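Annotation comment: TrEMBL describes E306 as active site, proton acceptor. TrEMBL lists H305, H309, E328 with the feature Zn(2+) binding site. Here TrEMBL flags 13-199 as domain 'Aminopeptidase N-like N-terminal'. What TrEMBL records for 234-451 is domain 'Peptidase M1 membrane alanine aminopeptidase'. Residues or ranges marked as domain 'ERAP1-like C-terminal' in TrEMBL: 531-845. The site 'Transition state stabilizer' annotation in TrEMBL covers Y391.
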Amino acid sequence: MTNNTILLPDHFKPSHYKLVIDPNLSDFVFSGHLRVDVARIEKDAANYSKIKLHSCDIDINKDHTYVEVNQEIVSRCVDVVYDVKGQTAEITFDKEISSSQFVLELKYTGAINDKLCGFYRSTYKDQNGENKLMFSTQFEATDARRALPCWDEPALKATFDLSLIVSDESLTLISNMPILSKEGNKVTFETTPIMSTYLLAWVIGELDYIEDTSADGIKVRVYAPKGSQEQGRFALNVATKAVTYFGNYFNIKYQISKMDLIAIPDFSAGAMENWGCVTYRLTRLLVNESTSVTEKQATAKTVSHEIAHSWFGNQVTMQWWNGLWLNEGFARYIEHFAVSELFKEWDVWTQFVSNVLCVALSLDSLRNSHPVQVHVADAGQINEMFDTISYAKGGSLNRMLGDYLTPDVISKGLNLYLTRHAYGNATTDDLWKALGDVSGDSNLSAMMNTWVLQTGYPLIRVTPVANTAATVRLSQERFLLDGTTDDSKPHWIVPIRYQTSQINGDSKLIVLSETSADIDLGSENQDVTYYKLNSGAVGFYRVLYPIQHYSVLFERDRLAKSTPADRLNLISDLFAFCQSNLMGFDLYLDMLSRLNQERDYYVWSEISTGMGYLYNLFGGEEPIINKLNTFTVGLYKDIYERLGWDATQGDGPMDSPLRALVINRLLKAKHSHAVDQAIQRFQSHVEGSNTLIPDLRSCVYSIVASTSDRGYQQVFEIYQNADSHSEKIRALQSICTTKDISRINELIQMVFDSVRSQDVTYPISSLSFNSASRELIWEHVRSKWDDIHSRFGAGNFSLAGIVSSSTCGLSTHQAAQQVEQLAVDHSEKISGAERALQQAIEKIKFRANLFERAKDKLVQYLTNNTK
C-alpha cells in the first residue's frame, strides 16, 4: 500500500482525544492540554518506552508529559526529540509502557500562524472598514499536527472531545459538534463520531448566522462575518436540500445533528469538509449582487461537493492518501447529482464534460501526469495529490463506471460500500468488491484497475474495414499530447458507447478489451454513413476518426440533432489531435466555421478554450494575431448579433454567461462595435447610471484597463474599493492585462506584497497570459523563489499553484531551461511543487515545439480563409 517508513510505529493506537485549546488571540500563540486514550498493540521488537507522534511547530512540555493508568502516573517523559523534516516528536519515558490501555497526557504550546494551515488567523475589514481577525483551522492533509501532537494518519481514527477557552464573549465559537457546556470562559463541545484527525476543526470570530432545517431534520447554518450572513442564503438553500438528497440517494442519513457552513476570509482551498463544521473561502459560500451566474454555479457545486464528503471521506475514509481519489473523485462526481436535481436549467452534466472531463483529459495527456492511485512518501507528495487527476480524472472515471454499471447498480453498490466500511477506512479494492458484488461483474476490478493504476488514457483509432459497409476496426494506444508513443504499450479495458445513423438516436455499449477489434456498427449490407463513438462523452478516452468522417460528424443538420455534450466532445478531441500533430489546425478551424449557428454555452466555452490557447501561443506575433482576430469575428458574428449586450425576455438560463463569453472573445479580437460598447457601458457603470451585470464585468474591465490610462486607473479604483471579494478579484485580474511595463512592474510587486495569499494565483496567471508581462512575472518568481517558498511553502497548496500560474504563458525553450534550473537550484525548497515543476517544463517545451511546427500552416489557412 505504501512505504512504511513514513508511517508512525504501529504498536500504539489512539481511540479518543480530549483536547483543551487556550488561545492568546492578541499574541497569536496558544497552549494545549491533551489527554489521549491509547491502546498498546503487541508487536515484535517494538520499543514500548517511546511514543512517536506527528508534531510540527509545537513545543511539548516534557515536565507535564506522562502516561497514566487507572488515574495513576506510571511513566514520565525524560526526553522529546523532534524530527523537523519528518514532522514528528518522539517522547521517551522513564519506564516501558506495559498496560494494554493507558492515557497519554501532555501540555504544549504553538503559534496561531498566518500560513493558511494548522491553527491560523485571517484578517479582513468589517462593514465599518475596521480591521478584524478570525481564527480557524485547516488540517487536511497533514496539518492537524500543527495544532496538536497526534497520530496524523487517516486510518488512525478516534473520537474527539474539544474545549476552547476564550474570554471575549463577543466571539462565536464553532466546532464539529454542538456545544455541550459552558463553564466560565471554557466552551466544551459534544464528542465527535470516530473520524480521522484531518477532519477536526474549530473557528473563533465575530460571526453571525442564518439557519434552516432540512427535510430530514438536520439543522443547517451558514456563518459569515457579521453583517454579511444574508449573503449565505443561496448556499443555505443548496445545503438544506443537498443533505437530504444525498441521504436518500445513499439510503444512509447524515450522521450529525447539525451542519455548519462557515465563510473564512483567508482560505487556501475552495472549501474543507470538516465533519459538521465545513469551512469555505468567501467566494464559494457568499452570493450577492456582484456574483455572476458561473460563480453562483461554482458555489452550488462546492457546497454540494463538501456535503457529499460526509459520506465519501468522513464516514468512510481512504486507508491512506494514495487512495485520495476515493474521497475527491467521488465527491466531484456525486456533487453533480444534487446540483442537477436542484438546478435542472443549468445542464450540469454537459458542464461536467466541459469543466471536469476535458480538463482531466488535457492534463493526463502529459508524460508527467500520474496514476489516480499512486505511491506518496511524504507530506509534500501528499499535498501534490490534491490535483486535477484525483478530482477530475477520478470523477470522470466514476461517471464512466456509472454509465457502464447503470444508475441503479451504482447507487446500490455505493450503499453497500458505505455500509460495509462505515466509520472505518477503505481501499480502491474495497470499492470494486462492493460494486462487483451488486453488479455480479467478476471482471469489474480488472477493468477499472487498468484506469486507476496506469497513467494516461487511450486513443481509440477508427479504421474502416475494406469491403464492408458497416464494420470498423478499433485499436487503442496511449494518447500523448506531444505526439510520441509510450514504449511500455499500456492497455485498457475500454467501455465504449456509440451511436449510428441506424440506431435512431439511441446508443449501444461494447467493451474493447484487446489492443484492436472489429465491430459491426449496423446490420449486414447496411450503409452506416454516420457513427460517433463515446456517445454522451461518458468515456475517458479520445476517438480519432478517418479524416473524411469529420465532414460527416460536423455536417450542420447532424450537429443540430446531436447533444451539446457530443459536440463539445468532438471539438475537444479535434483540438487535442491538432496539438499532437495527428491533425492540422486547418481542419480544426474549418470544422469550427460550421459551428457559427451554435447556441449552447458549454460548446462555445470549449470553442473559446481552443481559440484562447492559440491567442496565448502566438501572442507575440502580431501578423498572426491580426488574422486570428479576423477569423474570430467571423466565427462569433452571428451569435453576437443574436445575443447583443442586453438581456431579453427570450433569454435562456445560460444566455447571460454565453453573452459574456462571446463578447470577451470579440473584445480580445478588437471587434470595433464590441470595444466601443464596452467603453461606453463601462463609463455608465462607474457613473452609476447603468450598472453592468456581473457576468459582463470581467471582459469589460479588462478591455478598459488595457486600452487607456484613465480606464486602468478606474478599474484599479474598483479593485481598491470593492466590498465584494469576487468583484475585487475580477478587477485585480483585469488590471493585469495592461501593456504598460511600469505598471506591470508595480503590479508584480503589489501581488506579492499586499494580495492575500489565497488569491495570488489569480493575478499571476493573468500576468502570465499577458504577452507584455509573462517574462517579467516569471523572472520575479524565479529570482525570488526563496522568499516565495518562505511565505507559501508551509502545508498548503499555493506553491504548486504559483508554479503553474507563473509558467502558463511561457512557450520558449529558454523558459523551459530556466524552470529546469530552478528545480535544480532549489531542490530543497520545492516540496509540494515538484510535480507542478515537471509538468510546467513539459508544457513549455511542448508549446515551443508546437509554435514552430504549426505557425506556417496556420498562417496559410488564415490567409486563404479570411478577408
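A Cβ is built for glycine as well, from the same backbone N, Cα and C atoms used for every other residue.
Just so you know, TrEMBL annotations are computer predictions that nobody has curated.
Within 8 A of the CB centroid of the Zn(2+) site residues H305, H309, E328, the other residues of that chain are E273, E306, A308, F312, G313, N327, F330, A331, R332, E335, Y391.
The 10 Å shell around the Cβ of H309 (Zn(2+) binding site) contains 25 further Cβ atoms across the protein chains shown. Cβ environment of E328 (Zn(2+) binding site): G313, F386, S390, Y391, G394, G395 lie under 8 Å away, each six or more residues apart in the same chain. Note on H305 (Zn(2+) binding site): other Cβ atoms within 10 Å of its Cβ, all shown chains, come to 28.
For the domain 'ERAP1-like C-terminal' (531-845), the model gives a mean pLDDT of 93. Long-range neighbours of E306 (active site, proton acceptor) (same chain, six or more residues apart, CB within less than 8 Å of its CB): L261, A271, M272, E273, V278, Y280, A331. Within 10 Å of the C-beta atom of Y391 (site 'Transition state stabilizer') sit 23 other C-beta atoms, taking all shown protein chains into account.
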